[in-house]
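These notes concern the structure reproduced below.
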């Protein structure tokens, strides 16, 4: 049975960020910064409440008679209780004999073109741990993109405007960045396990390192770009946020309406149609929050029973990173043109270059992950290197076709001039090859 390290990491980041945010808000209050205090508390307490609801929903505690658990969740102590419960199950699992064992079937990754199906016994204790890990993974994603990401953006903006980074603020920003990167990492692992549910997925340590570096560069550069743009064009940043928000929020619903599929009813049996709509809107909100800061790694599909598209769309991945790179470049250009005196001692061209290179570094680590460290790369129809080689061949072929066309076209023009200058009496019957023009030769 695996050690529940992911649960411990989630609870540590949750407690550390909440404590740092509450401490910093008290500092803002003593300094008279009521607005910064209110926003810091908002981005700290709102995700806390959403995390409590997620843990209750996954474990279905609302339909069971557990008043103590409900009380602890109301007191915002649910994650601590769940963590204690996880380790109690883990340490007691070897002492008690399992009265009931379920059997799961998973397929191994193909070896030499063959894939075997293996059976595994899962006891009650291990099943409970799997449920807890799944709940904490989802809670980490919610905490990261609905709390830590706005919190990091806010604290960095305050630091830029005040031109001062205090110890409490730097500590909160560091924890928030780690929380976002960890949430994005869990999102990647969840996406892989959902898409390849029938296979036994084993993620290697180097894959975790590669995802961590990929997400760190991507999220850090994105947050810095937004903060720089906000510091000089406060009004226009609202337009940028609204465009991003409605684009990602409405996209899954537009696809759902265009598909003509019936409204999903099988999300949770105890939910009514209104409750199902609220859950779907919340999932779409979370999907939007992720994509505003980084690639979500999953595609929300409302008409699917799993609500997640299991097909890996390289085209959407390419379009997302191209559009995000162009958007970051435009925002940095506008910041460079309208920067104020607070950036007097900042080398603006060097900072722009560093941020663009940092985002390209994130894309590089992403390509390395999909090429070498993805746990299910053997199931891909084509790899990153094969796609790049195919694109390079097409590009070289197009260049090779255009080069001979130009001189041939000139030769045809010169020959036509010579024929016009020759008297009609001296014209001879043309050879069969003379009527081939440049387009025919290029097509041949």
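Cβ atoms here come from the backbone N, Cα and C positions, even for glycine.
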TrEMBL annotation (transmembrane segment) - matching range among 110-133, 134-157, 206-229: 206-229
With the greatest number of Cβ pairs under 8 Å to the transmembrane segment (270-298), the stretch among 206-229, 235-258, 318-338, 350-373 is 235-258
Test of understanding: applying the rule of at least three C-beta pairs under 8 Å (pairs 6 or more apart in sequence), is the transmembrane segment (35-58) touching the transmembrane segment (70-91)? yes
Cβ pairs under 8 Å between the transmembrane segment (318-338) and the transmembrane segment (167-185), at least three: no
Stretch in 167-185, 235-258, 350-373 most in contact with the transmembrane segment (206-229), if contact is a CB pair under 8 A: 350-373
